[in-house]
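> OK, TrEMBL features for this one:
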- 1-22: signal peptide (SIGNAL)
- 86-146: domain 'Sushi' (DOMAIN)
- Cys117-Cys144: disulfide bond (DISULFID)
- 147-209: domain 'Sushi' (DOMAIN)
- Cys180-Cys207: disulfide bond (DISULFID)
Amino acid sequence: MHMITRSCVLLLWSQLLTSVTCQDCTLEQFLNSRHFDSNFDVSGLDATYSGGKQVRVPCSVGYTGYFKLICTEGNWIPSGRKCEPKSCGHPGDAQFGDFRLVVGDDYVFGSQIVYECNPGYHMVSRSSRRRCLADGWDGTIAVCEVITCEIGGQDPNLYVSGLTPIGGTIKPGHKLSFLCAPGYQLDGSKETECLPTGQWTASFPSCSGIPCKVEPLSVGLRRVGSASQNLVNPGDILRFLCEGGYTALSDSASPSSKLTINDICPIIPAIKCDLALASIPGTTYDPSYKNMFSPGETVRVTCGEKHWILDMQTTVADVTC
């Protein structure tokens with residue numbers, strides 16, 4: 001009787017030990033423990049593991065580590081190294097530029113950098129941003145090129161000082177100065193400077209002709225057309241006619257005079273009067289030694305016997321050029 005009782009007690013104790021040592025561990029236990037964080041990828045783990053089971057917990061994409069769980073008496077015992085972000089290493093320096101971290105504190109998975117060009121340079125890359133991904137940095141190192149100012153169309157009468165040789169670049173800080181051709185005046189700034197933005201501080205000026213003032217006309221000279229216009233522009237043509245009793249002194253012996261105002265306004269030459277001497281016997285002229293008179297000069301005409309001046313009904317008359 002005692003032997004049977006002892007055997008039953010030993011059997012019960014053996015069953016109790018077996019139930020304790022073989023207690024299962026669950027995934028939920030791990031998820032609710034202080035050992036779990038979002039860097040683990042538990043999508044492939046089972047819901048329950050038997051006692052003594054060793055389970056490796058993989059890392060999420062972009063993270064690296066070696067972490068293992070051992071199911072002991074219904075509890076998880078951790079070992080190994082938790083998952084940490086993968087390092088992408090240095091992203092690379094841009095020539096004539098720099099970069100800064102805008103997301104994260106190190107060059108690891110999930111961080112982002114932005115390249116910035118030095119003053120006087122601008123970015124020609126498609127993107128200035130790079131991200132640290134699971135397989136390294138995306139994109140490429142940014143490319144910065146020097147900022148230049150372009151030379152546009154120029155007024156044909158504008159002289160520009162400070163231009164670079166053909167094919168050369170005009171960088172920020174470069175200055176140009178302007179001057180117009182003789183007979184033209186500058187409409188705009190005398191100087192401009194290339195800015196770091198690639199723009200000029202002032203637009204290129206233009207040149208306009210300096211108007212010429214028409215001087216009072218001499219006696220015997222009459223202007224034809226635009227009689228009331230006192231200012232004319234370079235290239236304009238003025239036409240004059242000699243009044244009755246006067247002829248123009250020109251190689252063409254034309255009864256009209258045509259003067260071209262050049263870039264620099266010339267002084268209109270004095271017009272002289274050519275007195276046509278009548279071949280009438282007895283007619284005299286005082287002074288008698290010339291037949292060319294300047295404006296304001298006077299000549300006295302005296303008719304001979306049996307002759308008189310038709311318009312004045314007299315034999316003596318003074319005529320002023």
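First residue shown is number 1, and so on along the chain.
Positions of Cβ are set from backbone N, Cα and C atoms, glycine also.
Structural setting of the listed features?
In the three-state DSSP scheme, Cys117 (disulfide bond) is classed as strand.
Taking a C-beta cut-off of under 8 angstroms and a sequence separation of 6 or more, Cys180 (disulfide bond) has the following same-chain neighbours: Asp155, Asn157, Leu158, Tyr159, Leu186, Cys207.
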> Once the chains shown are all counted, how many other Cβ atoms turn up within 10 Å of the Cβ of Cys117 (disulfide bond)?
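For Cys117 (disulfide bond), the 10 Å Cβ neighbour count is 22.
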> Do any residues at least six apart in sequence from Cys144 (disulfide bond), in the same chain, have a Cβ closer than 8 Å to its Cβ, and if so which, in order?
Ala94, Gln95, Phe96, Gly97, Tyr115, Cys117, Asn118, Tyr121, His122, Met123, Val124
> What is the three-state DSSP composition of the domain 'Sushi' (147-209), stated as helix, strand and coil residue counts?
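Here the numbers are 0 helix, 23 strand, 40 coil.
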